[in-house]
Each structure stands twice: as structure tokens, then as C-alpha cells.
Amino acid sequence: MERANGPGLQLQPLATLSAPRLAHEDSFSYKENLIGALLAIFGHLVISIALNLQKYSHIRLVGCKDHRAYFKTKTWWCGLFLLFLGELGVFSAYAFAPLSLIVPLGAVSVIASAIIGIIFIKEKWKPKDFLRRYVLSFIGCGLAIVGTYLLITFGPNSHETMTGENITKHLVSWPVLLYMLVEIIIFCLLLYFYKERKANYIVVILLLAALLGSMTVITVKAVAGMVVVSIRGNLQLGYPIFYIMVVCMVATASFQATFLTQATQLYDASQIASIGYILSTAIAITAGATFYLDFIGEDILHICMFALGCLIAFLGVFLITRNKRKSIFFEPYISMDAMPSMQNLHDNGTAVQPELKTSFSYGALENNDAISEIYAPATLPIVQEEHGSRGSSVPPYRVMEHGKRE
């Protein structure tokens with residue numbers, strides 16, 4: 001179709017007239033994606049620093065009789081302030097970029113924690129031992145960074161003004177209602193097996209947390225988007241859907257934290273970090289694509305590259321957390337600090353164990369993650385009477401606990 005601009009003038013296609021406007025809209029969408037991604041990266045970095053500061057404050061107060069002594073330290077309060085600042089940055093990121101782009105950027109916090117953990121190691125490592133122990137962490141960090149780059153570059157470019165009408169329209173659409181029905185059924189089945197059948201598997205617990213987390217991020221994006229639209233002049237706080245989303249956001253986040261706490265009591269933190277990140281990211285992306293239609297209008301190449309970025313980030317997080325030292329629930333050992341006149345030195349002068357610095361037993365050091373293998377408590381072979389041979393000269397023994405009174 002062509003339009004005449006006047007007598008004697010050439011005809012100009014309408015597509016040519018609309019091309020600059022489309023290019024401007026694409027540029028604006030890319031800028032908003034970039035702002036949201038940078039806010040999310042900044043937020044996750046600050047959160048990682050905050051959590052490590054608070055952990056450092058707790059480690060320094062190990063053995064203190066006052067269990068709330070950390071309230072009096074500036075380090076802990078500084079960590080709390082940075083934690084609030086980081087959460088605010090992640091919250092703001094959802095108002096600018098699509099949900100499917102912001103959620104996978106949680107890998108940044110895992111990368112930052114791995115780097116901070118390596119930097120703050122106090123022991124002097126030999127280069128060979130250092131590379132042997134942390135080679136997986138370096139490879140994982142590299143893969144996670146590459147995956148993050150692909151996520152930002154090929155992320156969905158769909159942008160919609162988060163008004164009350166638009167959110168209500170999405171909420172009552174049949175794909176969202178069907179998705180919520182399926183999610184509720186799966187959640188109830190998992191909860192039944194977890195509570196009634198005592199299926200305390202890590203996948204079951206983290207799936208429950210991930211299903212709640214998908215609803216949390218949906219409500220967070222809605223609330224953050226409506227707040228930003230209200231700040232820009234179009235007030236949205238009068239819509240009932242805003243307060244419904246706020247209540248759902250608080251409720252789902254609280255129950256999600258409950259399941260994560262239960263998981264940390266049963267399983268290693270590194271397993272929770274890797275499996276939880278993979279499950280929560282996959283389910284949240286599915287929720288975002290269903291509720292907010294993040295991938296509508298995207299070509300196949302961008303979708304495939306985005307999926308590749310997710311897989312690379314998943315692999316990187318898995319390798320980083322795989323290198324964590326596994327916690328030992330029980331190790332029979334002899335408590336040397338309970339024996340009077342016991343020397344704590346080898347023949348060559350190297351320390352068998354550190355001095356008792358307010359630690360409750362041998363092996364409970366100020367930071368167990370940073371202790372090399374030579375300082376780990378030595379396990380003793382347990383000889384059981386029923387399995388020992390009658391002619392054996394090795395006498396059986398019992399592992400006895402030494403309390404402070406003894």
C-alpha cells in the first residue's frame with residue numbers, strides 16, 4: 001500500500017515510514033532489558049557479599065556464651081543493610097526486564113560466593129593443591145559467565161506495561177488457569193507424599209519450594225511493575241489485583257523459605273544450591289512464558305540460544321557446588337583436648353590440632369570450609385565384637401564422648 005504526499009511528489013511505502021519507529025521500539029526494549037539485567041546482577045552480587053559478611057560475623061563469635069552477640073557487631077548490621085539493598089535491586093529488575101530473563105541470573109550469586117570463598121581462604125596453598133581443589137570451581141565460573149552472557153544477549157524481548165487491567169487479563173486467561181490447575185495438583189501430590197508417606201527426598205522438597213517460587217516471581221513482577229507504572233504517573237495502587245498480588249507474594253515466599261529450611265536440615269547446602277537453582281529456574285521460566293507470554297514473537301534461533309545459555313549456566317552452577325566439601329555427620333575421634341598433658345605436636349614440630357579456642361571439641365574449627373585435608377580429623381577403624389575373629393589380637397573398643405565435666 002502506498003500513500004501520495006501531494007501532486008508531483010513520489011509515492012512512499014507505509015512500511016518505510018514505520019521502520020524507524022520499529023527500530024526505536026527495539027532499541028528501547030533492549031535498553032530496558034539491559035537495565036533489568038544489570039540491576040539483577042548488581043542485586044545478586046550485593047546479596048552474596050551480604051551473606052558472606054553475616055557468615056563471617058557468626059564465625060568470629062563461635063563459642064560466645066551470648067547467642068545474640070552478633071547484634072552488637074558492625075559487620076552483621078552492614079551485611080543486613082547490603083542484603084536489603086540487594087533484594088531491592090533484584091525486585092526492581094523485574095519491573096524492567098521479562099521474568100524469564102531475570103530468573104536465570106541467580107547464577108551470579110553462586111559465582112560471587114565461589115570467588116569470595118576462594119579470596120578469603122587463610123591457608124597458604126601450594127599451586128598444585130590449589131588447582132587440584134579449585135579447578136572445578138574455575139571451570140564452573142567460566143561456564144556460568146558464558147551462560148549469563150548468552151541469557152542477556154538472546155533473552156526474550158517482550159515488554160508490556162504492568163497495569164491492573166493487563167495483569168487481570170493475564171490472570172483469567174485459559175492458559176494461566178490451566179497452568180495453575182496443573183501446578184496445584186502437582187503441589188498437592190508432592191505435599192501428600194512428603195507429609196504422609198515421609199518421602200523426604202531432596203528433589204521432592206526442592207520441587208515444592210520451586211513450585212511456590214514460580215508463583216512468587218510472578219507476583220513480584222506484577223507488584224514491581226505496578227509500582228514503577230505508578231511512579232511514572234499512572235497510579236495503579238487503587239486496583240484490588242495489586243493487593244492480591246502482594247498477599248500472594250508474601251505467603252508463597254514464606255512457605256518457600258519454610259521448605260528450604262527443612263531441606264537444609266536434611267541435606268548438604270551445595271546440593272540444595274545446585275538442584276534448587278536448576279529446578280526453580282526451569283519452573284519459573286515456564287511460569288513466565290505462560291503468564292506473561294515472554295517468548296511470543298521470538299524467533300527459533302533466539303529461543304534455542306536462550307535455552308543453550310540456561311543449560312550452560314546450569315552446568316556451571318553444578319560444577320561450582322560440586323567442588324564444595326561435603327559435611328561429615330559423624331566421625332569417631334579421640335578428643336585430645338580432654339586428655340591432660342597431651343602434646344599437640346608431631347615429632348617434626350607440625351601441629352596435630354590447633355589450640356582450644358572456644359571450640360567445643362577437636363575438629364570444630366573457626367571455619368571448617370577453609371581447612372586443608374591435613375587438618376581434618378583422622379577417622380579410626382571401628383572394630384565390632386561380632387565381626388572380629390576369635391584369634392584376633394586387636395581388642396575391640398568403644399567410642400566414648402567426653403564432656404566438659406570430665
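Numbers run from 1 along the shown chain.
Heads up, the Cβ atoms here are built off N, Cα and C, so glycines get one too.
Heads up, TrEMBL stuff is auto-annotated, nobody curated it.
Listed in TrEMBL:
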TRANSMEM  34-54  transmembrane segment
TRANSMEM  75-95  transmembrane segment
TRANSMEM  101-121  transmembrane segment
TRANSMEM  133-152  transmembrane segment
TRANSMEM  172-194  transmembrane segment
TRANSMEM  201-229  transmembrane segment
TRANSMEM  241-260  transmembrane segment
TRANSMEM  272-293  transmembrane segment
TRANSMEM  299-320  transmembrane segment
REGION    386-406  region 'Disordered'
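Panel annotation: around the transmembrane segment (75-95), residues 36-37, 39-40, 42-54, 56-58, 60, 102, 105, 162, 217, 220-221, 224-225, 227-228 of the same chain, lying at least six beyond its termini, place a Cβ under 8 Å from a Cβ of the stretch. Recorded stretches compared: 34-54, 101-121, 133-152, 201-229, 272-293; the one with the most Cβ pairs under 8 Å to the transmembrane segment (172-194) is 201-229. Counted over residue pairs separated by six or more positions, the transmembrane segment (133-152) shares fewer than 3 Cβ pairs under 8 angstroms with the transmembrane segment (272-293), which leaves the two as not touching. Residues of the same chain lying 6 or more positions beyond the ends of the transmembrane segment (272-293) and with a Cβ under 8 Å from any Cβ of it are 98-100, 103-104, 106-107, 110, 158, 160, 170-171, 175-176, 179, 202-203, 206-207, 209-211, 213-215, 217-218, 221, 260, 263-264, 310, 314, 317-318, 320-322. Relative to the transmembrane segment (299-320), the listed stretch 101-121 leads the set 34-54, 101-121, 201-229 in CB pairs under 8 A.
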